[in-house]
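Report on one structure; see the data block that follows.
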Amino acid sequence: MTAQILDGKATAAAIKSELTTRVEALKARGVTPGLGTLLVGEDPGSKWYVAGKHRDCAQVGIASIQRELPETATQEEIEAVVRELNDNPECTGYIVQLPLPKGIDTNRILELMDPAKDADGLHPTNLGRLVLNETAALPCTPNGIIELLRRHGVELGGAHVVVVGRGITVGRSIGLLLTRKSENATVTLCHTGTRDLSAQLRQADIVVAAAGVPHLIKPEDIKPGAAVLDVGVSRDENGKIVGDVHPGVAEVADWVAPNPGGVGPMTRALLLVNVVEAAERAAGIGNAG
Ligand SMILES: Nc1nc2c(c(=O)[nH]1)N[C@@H](CN(C=O)c1ccc(C(=O)N[C@@H](CCC(=O)O)C(=O)O)cc1)CN2
C-alpha cells in the first residue's frame, strides 16, 4: 500500500490562517509585526525562498522589510545591515538567509543579531535557551517537522527518530527539540562518518533525511510502517528538485513528507509563528511560548 502524505502545503495554509487572527489581535493593540530578511548574493534558490517568506507575510498581515547585498559584500557591510535591523523599530524579527557567500564568517553574523529579534532561532543565545529548556524562538525546519507530524497524528512519544545530516538549520538542532519531555522521542544523528547508515535507518520509526544526497534513502533501508520526511534539496540538470528519499520508499513507509510540498512550506510557516510569538511576547500577550 502507498504511504499517506504528510501534506506540508495544506498544513502550512492552516497555520497561516490561525496566525492571521493573532496578527489582527496584535494590530488592535497597536503592534504591527514586521519580518526583516537579509539576502546576500544572487543564488536563485535563496532568492526564491526569501520572496516566498515575504509573500507569506503579506498573506497574514505581517510587514516586510527587505535588505539585499551583492555577492561581493564584505563582512563589515553585512554586519552594518545586521546592526541596522537590530535598531530598526519596524523590524520585530528577522533572518539572514543562509548560506552566506564563501569567506563570510556566518557564526559571527548570527552572534551579532539581537537574540530577541532572531526569527530563525539560530542565535547562540536562543540555541542555548533551547538546551536549557527556556522560552526562545525555535529553529523553523525542526519545529515545522514536529508540527507536521503532530497535526497528522504521528506519535512522537517513545519513537526512535533517525536524522541524517548535521547542518545547522536541521540536523544539529532537531534532536534538541525531539528529546524535550513534550516530544519524548529518542534520536540518533547520522552523518558522513556513520559506519552503517542502512542499519541505523532500519531501526527508525521516523526518518528525517537532510543530507542533500539525491535518493540516498532507499526502500530497503526503511522499516515497514515508518514515517519518512525528505528535507534534502539537490537539483537535476533542469533545475527540478531531487530529494534525499528514493520514490520507492512510499511503498514501504506509512507516512511520507514529499519534497517539494512537505517540510519546505512548514519551514516558512514556522518562521511566521516565531515572528508573531516574538511580537506577542514584546506586547505582553498571553501564551506566546
Ligand atoms: N536563514 C535560513 N536560511 C535557510 C533556511 C532557514 O530555515 N533559515 N532553510 C533553508 C531554505 N529555506 C528557508 O530559508 C526554505 C527551503 C525550502 C522552502 C520551500 O518552501 N520549498 C518548496 C520547494 C521550493 C522549490 O521548488 O525550490 C517545497 O518544499 O515545497 C522554503 C524555505 C536553507 N537556508
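Note that Cβ sites are derived from N, Cα and C of the backbone, with glycine treated the same way.
A TrEMBL annotation is a machine prediction, not a hand-curated record.
Listed features, source TrEMBL:
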type: BINDING; residues: G165, R166, G167, V233; note: NADP(+) binding site
type: DOMAIN; residues: 6-120; note: domain 'Tetrahydrofolate dehydrogenase/cyclohydrolase catalytic'
type: DOMAIN; residues: 139-282; note: domain 'Tetrahydrofolate dehydrogenase/cyclohydrolase NAD(P)-binding'
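One way to see the shell of the NADP(+) site is to take the Cβ centroid of G165, R166, G167, V233; the remaining same-chain residues with a Cβ within 8 Å of it are V164, T169, V170, G171, A210, A211, G212, V231, G232. On its own chain, V233 (NADP(+) binding site) has G45, G212, I241, G243, N259 as residues at least 6 apart in sequence with a Cβ closer than 8 Å to its own Cβ. The number of other CB atoms found within 10 A of the CB of R166 (NADP(+) binding site), across every protein chain shown, is 17. Ranked by Cβ neighbours within 10 A across all protein chains shown, the binding-site residues G165, G167 are led by G165.
Computed over the domain 'Tetrahydrofolate dehydrogenase/cyclohydrolase NAD(P)-binding' (139-282), the whole-number mean pLDDT of the model equals 97. Between the two most distant C-alpha atoms of the annotated NADP(+) binders (G165, R166, G167, V233) there are 14 Å. Residues in the domain 'Tetrahydrofolate dehydrogenase/cyclohydrolase NAD(P)-binding' (139-282) partition by DSSP class (helix H, G, I; strand E, B; coil) as 53 helix, 27 strand, 64 coil.
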